[in-house]
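Visitor: For reference, the structure I am asking about is given below.
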């Protein structure tokens, strides 16, 4: 932990998470709020939100930010993704905590700026996540778990350094996974799948009703994805001592397959 704290590259990565998160939130939530502005020449018309537009805005903004800062911080931009990579022993506990703080701060700052830009909107909730009519807390929680699980599973699979069969753009694949989650969940919960994004809107709008769902759901989904991928789909062999070293030092060697078969277990050792 101390070694990471002293490194400029570590703090550069934290700043990258904050900056990229701020841009992501401003662009994506700004897109979601855009439909509320009156139509020029016909201010009495009522327009409905375009879920495809919003989903693509979230997905493409994540893909763009991942391409921009992925080589600096890994572009987690989501506490659920950070948790998944932590449980997968790819980052230290200290780095995970700093990333989550940076992500939450970035979301709050971006939402605060957006509240000024959209101050003329009546009843502006700034993209606040909420349960739709007819959806109870348990159902909303289930939607958030499934939507987040597929996202974190995609992140773990596309960034797995053991694979040599991945073609195309990993940031785009992850962005499409984000868009897919929104296509599923917008009509049920507004689609959280990102606790920091939900926290920013809840804090600036001062509305924390059912807010726990948008933390607990993504946390369970992200943790489940990491456990499923690491212990069932593409298991790694490492004892508790090795894992503790990774969680405290944050330094991990490349994974090496012990056999040609992808089902072979791999050894994960800290440097």
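Even glycines carry a Cβ here, placed using N, Cα and C.
When I checked TrEMBL for this same protein, it listed these features:
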TRANSMEM  9-35  transmembrane segment
TRANSMEM  55-75  transmembrane segment
TRANSMEM  96-117  transmembrane segment
TRANSMEM  137-158  transmembrane segment
TRANSMEM  170-190  transmembrane segment
TRANSMEM  212-233  transmembrane segment
Visitor: Please identify the stretch among 55-75, 96-117, 212-233 with the greatest number of Cβ pairs below 8 Å relative to the transmembrane segment (9-35).
Guide: 96-117
Visitor: Relative to the transmembrane segment (137-158), which of 55-75, 96-117, 212-233 accounts for the most Cβ pairs at distances under 8 Å?
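Guide: By the under-8 Å Cβ criterion, the transmembrane segment (137-158) pairs most with 212-233.
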Visitor: Near the transmembrane segment (96-117), which residues from the same chain, at least 6 beyond its ends, have a CB less than 8 A from one of its CBs?
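Guide: Sequence-remote neighbours of the transmembrane segment (96-117) are 10, 13-15, 17-26, 29-30, 33, 73, 76-79, 82-83, 85-86, 124, 126-127, 195-197, 199-201, 203-204.
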